[in-house]
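A.B. asks: According to Swiss-Prot, the protein carries these features:
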{"type": "BINDING", "residues": "Asp281, Ser282, Ser283, Gly331, Met332, Gly333", "note": "NAD(+) binding site"}
{"type": "BINDING", "residues": "Gly333, Gly335, Cys338, Glu514, Gly515", "note": "K(+) binding site"}
{"type": "BINDING", "residues": "Ser336, Asp371, Gly372, Gly373, Gly394, Asn395, Tyr418, Arg419, Gly420, Met421, Gly422, Gln455", "note": "IMP binding site"}
{"type": "DOMAIN", "residues": "124-185", "note": "domain 'CBS 1'"}
{"type": "DOMAIN", "residues": "187-243", "note": "domain 'CBS 2'"}
Amino acid sequence: MGEDSYLCLSEEIKKKLEEYSEKDGYDLDSLICSRRHGGLTYNDIIILPGYIDFEVNSVSLESHITKKIVLKTPFMSSPMDTVTESDMAINLALLGGIGVIHHNCTIEEQTEMVRKVKKFENGFITSPIVLSLNHRVRDVRRIKEELGFSGIPITDTGQLNGKLLGIVTSRDIQFHNNDESFLSEVMTKDLVTGSEGIRLEEANEILRSCKKGKLPIVDKEGNLTALLSRSDLMKNLHFPLASKLPDSKQLICAAAVGTRPDDRIRLKHLVEAGLDIVVLDSSQGNSIYQINMIKWIKKEFPNLEVIAGNVVTREQAANLISAGADALRVGMGSGSICITQEIMAVGRPQATAVYAVSEFASKFGVPTIADGGIENIGHITKALALGASAVMMGNLLAGTTESPGQYYYRDGQRLKSYRGMGSIDAMEHLSGKNKGDNAASSRYFGEADTIRVAQGVSGSVIDKGSLHVYVPYLRTGLQHSLQDIGVQNLTELRKQVKEKNIRFEFRTVASQLEGNVHGLDSYQKKLWS
């Protein structure tokens, strides 16, 4: 962009261009002007094309989602009970994004979901399941059935830091019919081990060469200190974009909590399970409750990243940034299943909100996450151009194989349920159990209300297939969008927007109709293959 885009021009043509007092279109500051255009949504704006001098596969989508954590794909799934549980969180993290596990469930259920994410891709497993010689084959089968893995080290104490004696894998017991046999009869004793302090890359190389399923890590005395899994090595090869911590190589895990006293207890359990990012889940984040919660978290868990929100104005953002937020969620009433703007008459059009909050937060190095109203790749591109570091999606990811719930058929279409956390259905979830665990009511400050006021609806969405096809489609589409704009990464996108080299246009209703399919008797809109 900028001067580089004039490299192919003759001096005469360049001079003629420079005779114009202004470039085509608007700069972003001029476009997002409430006095001129009112509040704008994503459909109200379009980005003008730039100059291409690079291949699309060279476009990097790396971006901060908090002050410390960087993703290779700036996609997040919303903490909704029909969008994100452990399956979504694991698979989105493998593809370079991150899923935020909802909290419309018991503390135990949410903690177990976090634990599943952290255990999925372990790097060095520092708290492996360990058995002793006194355990039996049935114990290994039970662990396999309950936790989904085998390859269990055997020590003299049956605990970590005991003397390593052997290992029992699924192959050792595959054709062994006596479940009462002691493990000493079936375990493998000829082991390949790594020494304590070995680098992960070196340990992975040993696994490659020895062709074993597990690599026990032992100290000088032969005591077990950690374990490395071959299955994790394969995951590293198959998912190079995976969102992982650089030291442990575990998948990054995020989960939502509220701001009630009980949520402090909930958060302690989540942190013990390995939580990396907490999302404070509220439709209106500018409250004394959230400010106090941020301060408490920063005191109790200084290494935990805090995403606060939701906010739509600079003034709201200022309070949460001052309290110590590491990132902000932006959006109020813009989601497809949200009726806050209609019912409460409070909120803000999403494009204007993302721009206003992102522009202010960037002065303090605080990333923003555009949450709500994302319907397609174009909306993702616009949100990032408006200043967001990532997008949070509910509707766009609901209906995938990895989202919670069962498929059902209606009129020949395969569907999944999708509901807003402000819907009556979500608010009544767990009503027969502990009402204190209902996140939907607390999110809208309504847990003490005798009459529930809905700020969302329940509905259904069409089957979108697996994330492993759908997310690469979104990712590749975003790369093509950035190529059309003429930037190779998101840092350059924000820089060129700030320097007013990337230009925008306001779209009238007629221009929006023109920019969509029109003039056909019928058509089929197939978006990917």
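Note: Cβ is positioned from N, Cα and C throughout, glycine not excepted.
Walk me through the surroundings of each of these features.
C.D. replies: There are 24 other CB atoms within 10 A of the CB of Cys338 (K(+) binding site), with all protein chains counted. DSSP assigns Cys338 (K(+) binding site) to a strand.
Mapped onto three states, the DSSP output places Gly394 (IMP binding site) in coil.
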A.B. asks: Could you state the CA-to-CA distance between Gly331 (NAD(+) binding site) and Gly372 (IMP binding site) to the nearest Å?
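C.D. replies: About 6 Å separate the Cα atoms of these two residues.
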A.B. asks: Give me the CA-CA distance between Cys338 (K(+) binding site) and Ser283 (NAD(+) binding site), in Å, as a whole number.
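C.D. replies: The separation of the Cα atoms works out to 10 Å.
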A.B. asks: Whole-number answer please: how many Å between the C-alpha atoms of Asp281 (NAD(+) binding site) and Gly515 (K(+) binding site)?
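C.D. replies: Between the alpha carbons of Asp281 (NAD(+) binding site) and Gly515 (K(+) binding site) there are 36 Å.
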A.B. asks: Can you tell me how spread out the NAD(+) site is, meaning the largest CA to CA distance among Asp281, Ser282, Ser283, Gly331, Met332, Gly333, in Å?
C.D. replies: 14
A.B. asks: Which ones in the same chain are close to Gly372 (IMP binding site), with CB under 8 Å and 6+ residues apart in sequence?
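C.D. replies: Within the chain, Gly372 (IMP binding site) has Cβ neighbours under 8 Å at Gly331, Met332, Gly333, Ser334, Gly335, Cys338, Gln350, Met392, Gly394.
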A.B. asks: Could you give the Cα-Cα distance between Ser336 (IMP binding site) and Ser283 (NAD(+) binding site), in whole Å?
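C.D. replies: Distance between the two Cα atoms comes out at 14 Å.
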A.B. asks: For the binding-site residues Ser283, Ser336, which Cβ has the most other Cβ atoms within 10 Å, all shown protein chains included?
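C.D. replies: When each Cβ's neighbours within 10 Å are tallied, Ser283 tops the list.
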A.B. asks: Can you tell which of Asp281, Glu514 has the most other C-beta atoms within 10 Å, given these are the binding-site residues?
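C.D. replies: Max Cβ neighbours within 10 Å, all protein chains included: Asp281.
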